[in-house]
Each structure stands twice: as structure tokens, then as C-alpha cells.
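Quick notes on the structure that follows.
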Amino acid sequence: MTDVTLKALAAERQVSVDRLVQQFADAGIRKSADDSVSAQEKQTLLAHLNREAVSGPDKLTLQRKTRSTLNIPGTGGKSKSVQIEVRKKRTFVKRDPQEAERLAAEEQAQREAEEQARREAEEQAKREAQQKAEREAAEQAKREAAEKAKREAAEKDKVSNQQTDDMTKTAQAEKARRENEAAELKRKAEEEARRKLEEEARRVAEEARRMAEENKWTATPEPVEDTSDYHVTTSQHARQAEDENDREVEGGRGRGRNAKAARPAKKGKHAESKADREEARAAVRCGKGGKRKGSSLQQGFQKPAQAVNRDVVIGETITVGELANKMAVKGSQVIKAMMKLGAMATINQVIDQETAQLVAEEMGHKVILRRENELEEAVMSDRDTGAAAEPRAPVVTIMGHVDHGKTSLLDYIRSTKVASGEAGGITQHIGAYHVETDNGMITFLDTPGHAAFTSMRARGAQATDIVVLVVAADDGVMPQTIEAIQHAKAAGVPVVVAVNKIDKPEADPDRVKNELSQYGILPEEWGGESQFVHVSAKAGTGIDELLDAILLQAEVLELKAVRKGMASGAVIESFLDKGRGPVATVLVREGTLHKGDIVLCGFEYGRVRAMRNELGQEVLEAGPSIPVEILGLSGVPAAGDEVTVVRDEKKAREVALYRQGKFREVKLARQQKSKLENMFANMTEGEVHEVNIVLKADVQGSVEAISDSLLKLSTDEVKVKIIGSGVGGITETDATLAAASNAILVGFNVRADASARKVIESESLDLRYYSVIYNLIDEVKAAMSGMLSPELKQQIIGLAEVRDVFKSPKFGAIAGCMVTEGTIKRHNPIRVLRDNVVIYEGELESLRRFKDDVNEVRNGMECGIGVKNYNDVRVGDMIEVFEIIEIQRTIA
């Protein structure tokens, strides 16, 4: 038999190549798909397969089903049958031969050990029995010797005992008499105590019966069956169960017309409740008729004479209704007390802790202030961060005006192309990168320079150690440059100035120094504290000097952080990835963040399922000053939130939920504060046009920046209203919300999914995609400008002087005029001026030249003008003709 390849053998046997390779491996032969198979190896495989076929099944499963019928009594005496099937399943697993041998050997060894222990126990019992017999024999001999000695002594003392017998008998009789007297006294005392207890019990029972009779109706009560003889030790529920059984036994004999009488009594109510209700109704009826006044309710409970002072526990916020419940008073009383203190409130209004404390103490209650963030503080304090601090890399934020070359500068340092890949060549996210240099590691944060990203720049300044202020040498100090200086000063971080674009012919670095000195940034050569470095991101000049300046500044700051222990840091950016879920870019400040750690991040929590660096590579841990992307949070955190590693996921969840609830309460409390200055704004609210927008963006920072920019566009006439905003693609929910609120759907670097597109098409919604924030803001401005009411402007088109006035039977006074300027048109409004003062404003009724009606009369011609509803025209008056022009306004 010739050798064949394994692939051919698989085709011949009609099995897959992988299956055949696995069978060879089970037989102890390693083969790949292209290896040849000899006849000997085929025989070995065949023998292995035969052995497997001969061996019986390893597992046996027995299933058993039993069916039964259960009758369930239903309403109206009918019963319902329910089929019940019980399934039982048992699986017997055949043991491996080697395992069976091992277990048999273990059982044999155990049996031998038990037999050996039994033999040893028998021998021990024999020894103990022998020793016991010996001890008993010795004791018997001792007892016999003692009895013999006693008999001899008794014989000797017999004579003397006879003499003392009489005296002993007398003493014993006296002792018995005293014992009998003591027993008689004790019996009498017990009878007296029992009698007193019985009298006390009778007195208590009589008093209870009397109070019960006083609290009942004055009408004759129904006789109550006395069950005290057999219900002494049973509870109320046991008595009800016994009575129920008795009724069922008695009622079972004659089911029929009287079957309803055997119904069980209602739980939780007295047996007489129905009779009481009937009597109450009868009493009301008699009271109305005025015939029977005998049935009246007597209340035995007396109202407490003095107020009850309670301990009231108050959290950080509480509603007026909850405060009233805790003090056990009506809500109206609390509202009255607040009005006395000068605060107007409703029962559902949320009030703060101080106000609630004042009100409760005013009403005479003791206040206990509850610190609701105790759990949060406990979770934060339970962290092992006691290790010694070590030097860490500086966190450097690149700031400056838009298009001044921040990303290009960082791009050259990292030797990558980031700027060309960003929309419009401008940065719209915070980018976090760490760079290894010859002198150490530096972490860079690249912030946007556009005016819309103020909050993002402020966040970058707070998380940083050093700010590198990039200023273009040909452009000088610009608005965002000034804002970046203010952020750096507010954060209290040193500034290193990088004068960029130094290779341009129109570059003027001295002008940059002069302009920056006006804002407190003085170069070192002028006696200041800021280092100025001339760089060119395009040519690469001055980059090494800039890095040296950064490291020198970091050395002066002596930056240190704890490297070991549980990590803490800040969220630089966050977004929702469709495949990976919420993703947060975290800058670690201290400790080491490991994969699998439980993190608490603002309102969100979770376990770190994966960590990636800025290059997209998986990492297992991140130390201080290292930026990483983490996956596994419960939701998208807000940019700028603190990230803390905690021990217990359950406690982290509780803290996150507490923060969400607290944020909601504070938000509601803030909304309900009615301010006087908003009153007039609310009155004119209906006259203001609104541009409703549903905004979705790729990252949290962009949502925040765009929302702030759009809200700043609002004017007194047109307001921008962000109906909904979020991170991630446009969903069907967003489209439905936009349709309900008549809003524009705006997607910034995101797209709508299939279900959302269907809703958008069916509802004909306005959907707009943007990748550059300039275009978004410009188009929203244009939409708002279209809603502005146009500006009306009056333009004078003609002026006529009245030379003579004559009467017309049809129009009254007619002014004979000479057109001195422009053109007089028939259907335009006019003003009559006398001594340059407007005395009438109206319209022309007739315009004639000679006897013909004309539409217009030009400059230098005479005409007759009839003014509608005005006859007091005099010689020398001026008639001014004007037209109203609508000018479309725009938002600056």
C-alpha cells in the first residue's frame, strides 16, 4: 500500500482535514494537512478507532415522566382540573478504567483501615473490661473488710447505744414537730400569694371589660360566645383557624341553601364589624328622621394635652410634604410656619437643609442633620495610597489661537500626521499623548483653539502642570491667546511661550513679546518668569530647545506622585463607541491603573475591561501622567469628572446612584426658585421665536462646546433651545424627539442609523451633518436670522411745495404744488410739514396734472394733490412723500 497525503486520506474517508488531524493526535501521531501517511500509521489509527468504537457509551441518561391531575376549587363552588407533569432525569456517568481502579484501591484501603480500627477498638474494650473487673474485685474486698469491722464495732457499742436510745428518740420527735410547723406556714403563705394573684387578675379583667363596654355603642350588644375556657393559651390566628374548621365540619353535612353561612370571617376586622356598620347606618337614618336618638358613638380616647416633640432626621434636601410627615403634622401647618419665617412654599417644593432645620426647630422638634455623603467619603478614604511619592513626568497643555500651529508643533514632536486627518485642519477634541525624549517622558494635551471650545481649554489647564502658549510670529496675540493666558493664570500654572512660524518672512517675534507683556507674560531677558522659544513646526527648528525648556520648568516644579497603590485621575474626553460602548480618555494623576480595577467616575462606575494607549495598543497598566482609553463604564462620563479606583463594586454603584439622585434634587431645587427678574421675561416668553435643536456628537467635549456656542447665539427675539443632546449616533429616539418638538437634527461627526432614517424620511425632518464647528454655527445663525422680524426703514422719494390752495366739490381742499425734489407717487404715504414740523401723516387721495389723473409727477413739474381726510392745507406747507423699505436683519 503506497503512502498518501493526509488531505487525500481525509477526502477518501469523507471527513474534514481538521477532524482527521485530531484523530491522529488522539492516536498519538502528530500530523499536518500536507504530511504523508504510511500504512503502519493507518493501521495504528484504525486500531485506535476500533478501540473507541468497542468501548461503550460513557454516559447514560434516564428520563421519567409522571402525570397527575390536581383539582383546584374555584369561585361559585366549581372546581378546576390542572394537568401536572413531573419530569425526572438521572444521568449515570461511566468512570474511566484507571479512575475506577484508583477508586477501588482507595475503597479497599479505607475498608482495611476501618477493619484495623475495629480490631484495635475491640482490644481496647477487652483491656478496659479486665481493668474494670480487677477494680471491682478490689472494691468488693474492701467493702467486706469494712462491714466486718463495722459489725465488730456495733457489737461493742450495742450496750452503750441502749443507754442513749431514749435521749435520741426524744430529740428526733422534737425535730419532726418543728419541720411539720414550718411546712404548714409555707403552705399558708403560698395559698395567700395565689389568692392575691387571682384577685389582681379578676380586677384587671373587670376593668378591661368595663372599658370595653364604655367604648361600645349604647344599644344592647349582641351576645358574644365565651371562649376563654379553651382559648387560654392560643393566639388570635389559631382561634380563627379552629373556628373555621368547626364551621366547615358543621356546614359540610348540609351543603345547600345554608352553605353560604360557612364562609370564613374577614381577616383583620372584628367579627361584629358588619353588625356595627348596620347599626351605624340605622343610627344615621334615625338621626335624620328625628325619631330615635339612642344610638350614638362614644369616643373613649382623650386627645393628648401637650404636643409631642420628635427627633426629625433631615437630609441635604427635603420636600415640605416629607418634612410634615416626619414631624407628624399637616403640610398646611409647615407652610404657615414658613410664611411666618418669610418664605413662601408649596407642599411639593424642595427646600434645603438649613431652611428645614429652622422650620422644625421653630415648631419645637429636635433636628438631627444627616450627612448623606458618608458612604461616598468612606469609599474614598478606603484606598491604599500610603506609599512614598516618586518623580513623575510633566503634563503639558498646548494652548493658543486657532490656526497658530499647535497640533502641527505637537505633530512634529510625535513624528506623526494628526493635523491633516482632522476636519478643516482644526482640532476639535482634546488629544492626549505621551512622548519619550532623551531627557525623560512628557505628556502632551492638545486643546482646541477655536472660540467655541472655552470649557475644553479650561479643563486642559486644570489637569496640567505646564502650559505651552503657541503664538504665530506673523499673527501676534489673538482673542483665544488672551483667553488661554487667563486660563493658565486661573489654574496657577507656569507658561512657556513657543513663538511659531518663525521661518516666515513676515515673522516679528519682538512684536509678540511686546503684546504678551501687556497681559503679564514677560520674557526672562526682560526680567520676567516666562521662557520664550522660537520654533517652526514646519521646518522643525527650535523643537529641541522647546523640550529642554519644558523639562527645565518641570525640574523646577519638582513634580512627584505616588506610583504604587490605587489610581486616581481625571476624564479628559469621553464618547460612545457603537461596538465598544462608553469610552473615556483618562489621565492618571497618581497610583497605577490596572486592567480589571473597579473605577468610580462621576455618575458612572464599572470595571476596566480594556485599556488602550493613544496609539490604540492594548496595555495592562498605566502609571502617573499616562493617558489611556478605558472601556467598561456603565455610561458616558462627563469630561472633567474625577476617576477613582475603589475596592467594592457594590459600594461604587451605590455612590454613583446617590450622586445621580443628588444632582437631580439640586436641579429641581434650582428650577423652583422663582426670581423677580425672571417674571417679566416669562411674561414676554410667547413673543420670542425658538430654534429647537437635537444635538448628537462623537465625544462629550464636542457636545459641551457646541451647546455653549449655540446658547450664546440667543437674542431677545430668537432663542436657541437644545431639546436633547448626547454622545453617539442619531437613533430613532432622537428622530422621534425632533419630530415631536419640531427641532433640527444636528449630527457632528456622527450619522443616523437605519431606523432613524426611516423616521426622518416619514416625518420630513431637517437633518444636517457637520464635521467643522464653524459651518454648524454659521448655519444655525442663518436659520435664526430667518426668524427675525425685518427692520422697516422709511426712505423719502419726493418733496412738493404748496403754492396755492383751491376747493374741489369732490375732494375738498386741493393743494396746488410744485415738485422740488424727487418724484411724487400716487399710492405712497405722505407727511404734511409746516415750518419743518410734521402736522399730519396720511396718504394721497388724488394726484392730478392739469385735469388728468396721473400715477407720478417728476421733479420740476406742477400738480394738484388731494390729501385724504385732511383739509387744513396752507400755502407754504411742504408735502413729503416716502416709501417703507423692509431690511432683513442678521445675527452678528
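Glycine too: its Cβ is placed from the backbone N, Cα and C atoms.
Feature list (source: Swiss-Prot):
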BINDING   400-407, 446-450, 500-503  GTP binding site
COMPBIAS  93-159  compositional bias 'Basic and acidic residues'
COMPBIAS  166-216  compositional bias 'Basic and acidic residues'
COMPBIAS  254-269  compositional bias 'Basic residues'
COMPBIAS  270-282  compositional bias 'Basic and acidic residues'
DOMAIN    391-560  domain 'tr-type G'
REGION    88-304  region 'Disordered'
REGION    400-407  region 'G1'
REGION    425-429  region 'G2'
REGION    446-449  region 'G3'
REGION    500-503  region 'G4'
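When Cβ atoms from all protein chains are considered, those within 10 Å of ASP403 (GTP binding site) total 17, not counting its own. Counting every protein chain shown, 30 other Cβ atoms lie within 10 Å of the Cβ of LYS406 (GTP binding site). According to its DSSP assignment, GLY400 (GTP binding site) is in a strand.
Other Cβ atoms within 10 Å of the Cβ of GLY400 (GTP binding site), summed over all protein chains shown, number 29. The DSSP secondary structure for ILE502 (GTP binding site) is coil. Assigned with DSSP, the residues of the compositional bias 'Basic and acidic residues' (93-159) fall into helix, strand and coil as follows: 63 helix, 1 strand, 3 coil. Averaged across the region 'G2' (425-429), pLDDT in this predicted model comes to 44.
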